[in-house]
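**Q** Structure provided below as structure tokens; questions to follow.
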Amino acid sequence: MVVTTTARAPRGELLAAQQDSRRTLAQAFDPHANSLDVLRLVLAATVAIAHASAIAYGHQPAIGGNEIAGLAVDGFFVLSGFLVARSYLQLNGLGRYAWHRALRIMPGFWVCLLVTAGVVAPLIAALEGRPPLSVFPQAWGYVAQNAGLFMVDFGVADLPTQTSVPLVVNGALWTLFYEAVCYAGVAVLGVLGILRRRPWVVAVGVLLSAAMVTGQASGLVPEVGAFFWRFFLMFGLGTLGLLYADRISVHRRWWLLAGAGLALSLLVGPEYRAVGGGIALAYLCLVAMVATPGLRYRCRVDLSYGVYIYHWPIATLLVLAGGTALTQVGYTLLALVLAACAALLSWHFVERPALARKGMAPPAWLRPRRP
């Protein structure tokens, strides 16, 4: 007689598997142990690498016509939507929220404009055979015109002219305006009580944004405000991730499904968001915050913002200085290293000192008026 036995998993393993299948984003997210710092740095580096290729060679890596830099920027907006909405809900008052957001984005941006006008532009002029001082006073006009965060002028004194993206001295800063608009949107939703009591309104807004993105991609809707709808969609998905975190499963099967959906949407054509790819990317970004233990590193030095705002002018200078002679890999790596060095300086001398003022009282014009 042959006796067969069926191997059974230990009861503890079965319970762990059941708990994992029911685990939600809210349960998995630990504000002190997550992968946000590393993910943001990876996204910034991805944008820098893609833009370095565009500046030097006139093209950047793409999947099915979807540029890699655009995907990384979308990922940034998803993470920002999650974090910024969380920040509003944690802070006591609109004024303090606005103060925190301004300290995070504006000082670094303003200094970047000044460095571009006062240092980068003269160097570009010299490398292109023009007198370095010939960029003035137009260079200060570049600062004044763009200081409000909306990029009006992308070049400085008709420079540069000898790269594959002429007349653009920093083609990365334009997205910061849309980021700030999304910050303002969170403030409005918070003041109206929607974030705390009626999150379904946010879901409706995200659905509307998705419909507009799809309609514009298919030609059914005029392409008016295309960037607004794109960034509202991605930022809104991140915000929904926070508001419905207790209902979003982080089980492995959903990772695989989202990954397959994203891959398929990228291969369909150049408008991956129009076929649901934005939703898949947003889910993967949110899950990556909590499901990548190898990336759970709390960075004492946050280089992501500095890499993002300085990589373009650095790559431009490298191209004009003949950096492409190092081969594409060598040029790209050097551009990335130099961008990281600039980011380190930005963090130590601009961003961190500015963020140290978060605990101070906001300016009088940001404080609520008492009757």
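Please read every residue number as a count from 1 along the shown chain.
Quick reminder: no glycine exception, Cβ is built from N, Cα and C everywhere.
Model, not experiment: these values are computed from the prediction.
Straight out of TrEMBL:
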DOMAIN    35-345  domain 'Acyltransferase 3'
TRANSMEM  38-57  transmembrane segment
TRANSMEM  69-88  transmembrane segment
TRANSMEM  108-127  transmembrane segment
TRANSMEM  176-195  transmembrane segment
TRANSMEM  200-221  transmembrane segment
TRANSMEM  227-245  transmembrane segment
TRANSMEM  252-269  transmembrane segment
TRANSMEM  275-295  transmembrane segment
TRANSMEM  307-325  transmembrane segment
TRANSMEM  331-350  transmembrane segment
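In terms of burial and nearby residues, how do these features look in this structure?
**A** Sequence-remote contacts of a segment are chain residues at least 6 beyond its ends whose Cβ falls under 8 Å from one of its Cβ atoms, and for the transmembrane segment (38-57) they are 67-69, 71-73, 75-76, 79, 163-165, 171-172, 285, 288-289, 292, 295-297, 299, 302-305, 307-308, 311-312, 315-316, 318-319, 323-324, 328, 331-332, 335-336, 339.
Residues 189, 194, 229-230, 232-233, 236-237, 239-240, 243-244, 271, 273-275, 278-279 of the same chain, all 6+ positions outside the transmembrane segment (200-221), place their C-beta atoms under 8 angstroms from a C-beta of that stretch.
Residues of the same chain lying 6 or more positions beyond the ends of the transmembrane segment (227-245) and with a Cβ under 8 Å from any Cβ of it are 24-26, 29, 74, 77-86, 89, 175, 178-179, 181-182, 185-186, 195, 199, 202-203, 205-206, 209-210, 212-213, 216, 273, 278-279, 281-283, 285-286.
Here the transmembrane segment (331-350) has Cβ contacts under 8 Å with residues 45, 48-49, 52-53, 56, 107-108, 111-112, 301-307, 309-311, 314-315, 318-319, 323-325 of the same chain, all six or more residues outside its ends.
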**Q** Using a Cβ cut-off under 8 Å, which residues of the same chain at least 6 positions beyond either end of the transmembrane segment (275-295) come close to it?
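**A** Those are 25, 28-30, 34-36, 38-39, 66, 71, 74-75, 78-79, 82, 210, 213-214, 233-234, 237-238, 241, 248, 250, 254-255, 258-259, 261-262, 264-266, 268-269, in sequence order.
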**Q** Across the whole of the domain 'Acyltransferase 3' (35-345), what does the mean pLDDT come to? Round it, please.
**A** 94
**Q** Sequence-remote contacts (6 or more beyond its ends) of the transmembrane segment (252-269), Cβ cut-off under 8 Å?
**A** 20, 63-66, 275-277, 279-281, 283-284, 287, 291
**Q** Of the listed stretches (69-88, 108-127, 176-195), which one yields the highest count of Cβ-Cβ distances below 8 Å with the transmembrane segment (307-325)?
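**A** That would be 108-127.
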